[in-house]
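One structure is given below, encoded as structure tokens.
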Amino acid sequence: MSSVPAILVLADGTLFKGSAIGAAGHTVGEVVFNTAITGYQEILTDPSYTKQIVTLTYPHIGNVGANAEDTESRSVYAAGLIVRDLPLLHSNFRAEASLSDYLKANNVVAIADIDTRKLTRILREKGAQPGCIMAGEIDEARALELARGFGTMAGQDLAKVVSCDSIYQWDTREWRLGEGYGAQAEPKYHVVAYDFGVKHNILRMLAERGCKLTVVPAQTPAKDVLALKPDGVFLSNGPGDPEPCDYAIDAIKDILDTKLPVFGICLGHQLLGLAVGGKTSKMKFGHHGANHPVQDLDTGRVMITSQNHGFQVDENSLPANVRVTHRSLFDGTVQGIALTDRPVFSFQGHPEASPGPNDVAYLFDKFIKAMDERG
Amino acid sequence: MPKRTDLKSILIIGAGPIVIGQACEFDYSGAQACKALREEGYKVILVNSNPATIMTDPDMADVTYIEPINWQVVEKIIAKERPDAILPTMGGQTALNCALDLARNGVLEKYKVELIGATEDAIDKAEDRGRFKEAMAKIGLSCPLSFVCHTMEESLAAQAKVGFPTLIRPSFTMGGSGGGIAYNKEEFLAICERGFEASPTHELLIEQSVLGWKEYEMEVVRDRNDNCIIICSIENFDPMGVHTGDSITVAPAQTLTDKEYQIMRNASLAVLREIGVDTGGSNVQFATNPDTGEMIVIEMNPRVSRSSALASKATGFPIAKIAAKLAVGFTLDELKNDITGGATPASFEPSIDYVVTKIPRFAFEKFPQADDRLTTQMKSVGEVMAMGRTLQESMQKALRGLETGLAGFDPVTSDLEQIRHEIGTPGPERILYVADAFRAGLTRDDIFAISKIDPWFLAQIEDIVGEEKALAGRKLDELDYAELRRLKRKGFSDRRLGALLGVDQGAVRARRWALNLRPVYKRVDTCAAEFATNTAYMYSSYEEECESRPTDRKKIMVLGGGPNRIGQGIEFDYCCVHAALALRESGFETIMVNCNPETVSTDYDTSDRLYFEPLTLEDVLEICHVEKPFGVIVQYGGQTPLKLARALEANGVPIIGTTPDMIDCAEDRERFQKMLQELGLKQPPNRTARTPADAMRLAEEIGYPLVVRPSYVLGGRAMEIVHEPADLERYMREAVKVSNDSPVLLDRFLNDAIEVDVDAVSDGELVVIGGIMQHVEQAGVHSGDSACSLPPYSLFPAVQDEIRRQTVAMAKALNVVGLMNVQFAIQGDTIYVLEVNPRASRTVPFVSKVTGAPLAKIAARCMAGISLAEQGFTKEVVPPYYAVKEAVFPFIKFPGVDTILGPEMKSTGEVMGVGRSFAEAFIKAELGAGDRLPKSGKVFLSVRNSDKAGSVEVAREMVRLGFEVVATRGTARGIQEAGIPVQLINKVNEGRPHIVDMIKNGEISLVFNTVDEKRQAIQDSHSIRRSALQMRVPQYTTLAGAKAVCVGMAHAEEFDVYSVQDLHAMVRNG
């Protein structure tokens, strides 16, 4: 059994010794954990994980291999992967490659065989912190230096880094067993989606509901968006700190003035919060998982949601025309807001799931309804 | 929405006796429900016929009825207690069926009682195959092609449409009773016939087989606000075709992508909504095509289940407790997740960061005639669960936790033909044969082709076999820290490594300790470490960080009983739970070690700390190393911990209570004999044989008939009564392997003796009798299978006093501290000591329920050094009423198995009946056991020669009660001579029509059939007992039983219901 050694060093000096299961070399990023049991490929390809190294708390990762369908963007965005065990064999009727091959093909540095529960405990207690995975040739001191040199996610404007370079159209619908991704027939509405690192399933769910989608780069000014004559504007998820994204905040302010329906998810939600005059802050270790209860304050219903964010909208910073619509039952933080004077709302978690439960999908319907009502 | 205030009192229906398909998981759920509802201020009324349950402890509910669970009796309870609501979802199929009966018979309406947790319609929709299928079609989910049939003609037509193999599922039965898979027409007809019998609605579902598809389960909880959460997903190692209760299962699901998982999740929620489970837990089962992912719904249970107990233990989320609170109107977000100390609400989905494996335990060794191939009808009697950070770790832990002697993937055979057969046509040990298949050179593809077990699992076993091969020829001291750690991380036990390296486990342990290689303990926290937890629910793993955080309090550790099996079940778990409760009350920190997910003992709040671990020397020593307990209790968990006692002691573990040396003295034949001689007590003449020749010679010395058995046995394994040398010779040849280390014991069998069980407790100074129980069946029937009465119903006071005297003498001689059980046989005026067990016995819960004295708690305190005087328990309690314990048998699950009782224990559970007279108590016990005694009709008598005289009395009494008597020639003669009218009928070998024809035609309403313990006699009459069982005709296979029935029959209708609390008040008030 010859395995390639790998280490993980955290900025606080904690060292884990394991084995490499991805590309050789090293990677640096903010180490976060995600408690979702399924959906590792969706997680790896979620642009919101840019510059983050993901620890998956479920020990066997790789059971179902990798395939071309279960991706949320064109490539892997996570800066690295940490797991307890890469299984000996993947087994799933849709698998096309092993996770290990997939990681290598995508040049992702990854480590296995470490006590990921211990790591999670450290992250829970001390907060997310920078770390370095080094695979192949090991230099512990160098790894520590790299980890400490990473700095912090706070203040990092990553949305413009991961956004698309140019406008594109999207017409792929949701995935169905035995059919895969279907193409859209006759769209009803035209939605312009800001790509701050958009997950494809958001676009699929909008397309499924009859939206013709024009995806625009993060720094597209409001006037260019409005020139496309959208029926509604969508603000996508994405990585990093929302605060430095002044270009987006400014654009959203202008769009709000038009009273067009606007729907934001995750980073889009935080940017909306900033655009209406609220504040955002960095959380200790954020929300990353697929089991988070969120309450819809209008109906009292509790949804199990997919979550992936390290920043939040501060409730008491919100102006009078913004009401909190959803709240996390884990820690009471704001999970959704809506403007009282226009058809604008946003959600902190991931209604598009992928991975995770589909309980919040109704927000997409709500967005469609807002466009319906606009006539 | 807060809880409902319009409800004040709630009746909870329990599951009754332990049977295959319904085990202690319903005590776990019921006990949780009682606690949850009382916590909210409701008055809880409970009915459960099973005295060995924690839920029937007098302080669990406000009013407790240990009474038969059928709608007529429950109506009496409703009339008396007038509850506002009934919670029927905690007591398995028994409770659901009882609730439906109450509804259909107008009882609910009459007394204005509401069903909460599940409505009549929801229960019916989930259980009625036709309606279920319709409901699934409505929400766009597929079910296998199937047809509901009420006649054989319909069944045959349906079969033609679905093809072979065909699944046959009777409606409204538990554990797939009466169902099966037919591969040809002959099998099909046989299973249908059986299925029609088993279904109370005479209804079958003839279904397309999806054999070989992958099988999954989802545990779902829903509240009345329509909030739905998945507690746990479960993937079966054994694909479709094996009942999920008999399958090895793993949590969470391993081989689903998120997209497929979410489809299943959405479908589960849709099923609950459509069936109309408004509140509570349900279990939904799916099958998926491994090649395409196509998914179909198999079934759903609108109640807590064995799987939900497993899911609760696997995740730390207490489904039954939450379900009970939801039933009274709470919503999930209003309830706290206890395990995170309330930091998070109950409205979330547990995430786990370990792998859980459940392996069923079977008891086919008890039923040699039973077909041991696994099908859609459940056959296992217990299960073990294990957790590890990887599948390999958890699976190997589960294998050794089974306590079938395995240390891991022990090889069985290298015979390729046998291997192919065993992995293709699964029996109880398929998983071992999978390992053997790799050893024999089959590839993963070969094994998949035969077994359809997912390659993901196969690869794990292949790797283990590969590791084992690599150890061949290696030496222990060659293994360095890194290599040994790698192996331990894959779950190899010291014992298995020892076997592979040619050393004993002690050597491996010593090496491991020298290298400072020890397991750490991780916590089960429902949230994969996202939140901190103070709940000390732990499992071991070879990882870096230990989370056990032991305290420096004075601790008592209780070793549990492991998986249920025949002879060691819920009674022992009851004792362990009581030890934990009592010692916690007395200020000790309590630590539980057990691996049975069905139990109350493995509920994380039963003890201060719970280690969910196999009960092997290695695993227990490691926990002791971390916890350093003040004392360890080994006498409550049955044979499991007792077997470890000496080795634990030798390794410096402080055993409290009766010393292992004295336990050995009671079990060691020669030491025990010497002790009895010194005390001047009698034993049946006996010898110990170490060779077959020895046996033949010694048998002549003491004379026939003889009871023969191997030296160390539980539940009468391989015990037989032999009447002549030829029988003994056969026994020595076929039944046992005899050697110096495992000799065979010969005891003179006492004809027509009355057997008596005594439970006593001692603090080392004082001995107090807990209860004297007189068996109904004569000596020779295993004590666990015999009905018994407390107090004795026909023993002279002087005899009872002498029994007391002898019990005290033996307790003192053995320096008993804790519990002791003695079995006596009384032949004429002579009292013989059959055996003494200085430990918790199967009857402890029964005695405690009857007398109101919690023996297990009292004895646990004795072990911790609190004297009986200090506890104020210094006098035997003799109740002013009678209680009868009756055994319940699994014969109906095993076609072909004889129902005759003997020295080998076969019962799975027990019920209790209470009455002002023995007769009333007995009749209620029979009713509780499921035997509906007829009021009139024909009683069939066929008895052995020695019972002929007694049978005349029975016949006379039956005629007096208005029955007609039918008998075979030999039996009839005596009856005729006594001038009693009797109808003559042929034995089966005397030509037709014969007695089996009569039984099958429904002409017989009661069968009394006793047979000499001789092979031929048993074989000749087998079909009588089997047909009676199939026709559900009550049958008694001992004369004593028949006599008791006669006495009880007089009271068939006129019985009352008594609450345990009222009974105990009678005791207190003298």
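Backbone N, Cα and C define each Cβ position, glycine as well.
Features as listed in TrEMBL:
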type    : residues                                                                                                               : note
BINDING : B:Arg129, B:Arg169, B:Gly175, B:Gly176, B:Gln208, B:Val210, B:Glu215, B:Gly241, B:Val242, B:His243, B:Gln285, B:Glu299 : ATP 1 binding site
DOMAIN  : B:133-328                                                                                                              : domain 'ATP-grasp'
DOMAIN  : B:673-864                                                                                                              : domain 'ATP-grasp'
BINDING : B:Arg709, B:Arg748, B:Leu750, B:Glu755, B:Gly780, B:Val781, B:His782, B:Ser783, B:Gln823, B:Glu835                     : ATP 2 binding site
BINDING : B:Gln823, B:Glu835                                                                                                     : Mn(2+) 3 binding site
BINDING : B:Gln823, B:Glu835                                                                                                     : Mg(2+) 3 binding site
BINDING : B:Glu835, B:Asn837                                                                                                     : Mg(2+) 4 binding site
DOMAIN  : B:931-1070                                                                                                             : domain 'MGS-like'
REGION  : B:931-1070                                                                                                             : region 'Allosteric domain'
Densest Cβ neighbourhood among B:Glu215, B:Glu835 (binding-site residues), 10 Å radius: B:Glu215
Arithmetic mean of per-residue pLDDT over the domain 'ATP-grasp' (B:673-864): 91
Inter-residue C-alpha distance, B:Arg129 (ATP 1 binding site) and B:Glu835 (Mn(2+) 3 binding site) (nearest angstrom): 50
Set of same-chain residues at least 6 away whose C-beta sits under 8 angstroms from B:Gln285 (ATP 1 binding site): B:Glu215, B:Tyr216, B:Glu217, B:Thr244, B:Val297, B:Ile298, B:Glu299, B:Met300
Secondary structure composition of the region 'Allosteric domain' (B:931-1070) [DSSP: H/G/I, E/B, coil]: 70 helix, 22 strand, 48 coil
Number of Cβ atoms other than its own within 10 Å, given for B:Gln823 (ATP 2 binding site): 19
Cα-Cα distance linking B:Gly780 (ATP 2 binding site) and B:Gln208 (ATP 1 binding site), given in Å to the nearest integer: 47
Spatial neighbours of B:Gln823 (ATP 2 binding site) among the binding-site residues B:Val242, B:Glu835, B:Asn837 [C-alpha, 10 Å]: B:Glu835, B:Asn837
Whole-number Å value of the largest CA-CA distance among B:Arg709, B:Arg748, B:Leu750, B:Glu755, B:Gly780, B:Val781, B:His782, B:Ser783, B:Gln823, B:Glu835, listed as ATP 2-binding: 18
Cα distance (Å, whole number) from B:Glu835 (Mn(2+) 3 binding site) to B:Arg709 (ATP 2 binding site): 13
Other CB atoms, at most 10 A from the CB of B:Arg709 (ATP 2 binding site): 22
Separation of alpha carbons, B:Glu835 (Mn(2+) 3 binding site) and B:His782 (ATP 2 binding site) (Å): 12
Neighbour tally for B:Val242 (ATP 1 binding site), based on other Cβ positions within 10 Å of its Cβ: 24
Cα distance (Å, whole number) from B:Gly780 (ATP 2 binding site) to B:Val242 (ATP 1 binding site): 36
For B:Gln823 (ATP 2 binding site): DSSP state (helix, strand, coil): strand
Helix, strand or coil at B:Arg129 (ATP 1 binding site) [DSSP, three-state]: helix
Least Cβ-crowded entry, counting other Cβ within 10 Å, from the binding-site residues listed as B:Arg129, B:His782: B:His782
Cβ neighbour count within 10 Å of B:Leu750 (ATP 2 binding site): 22
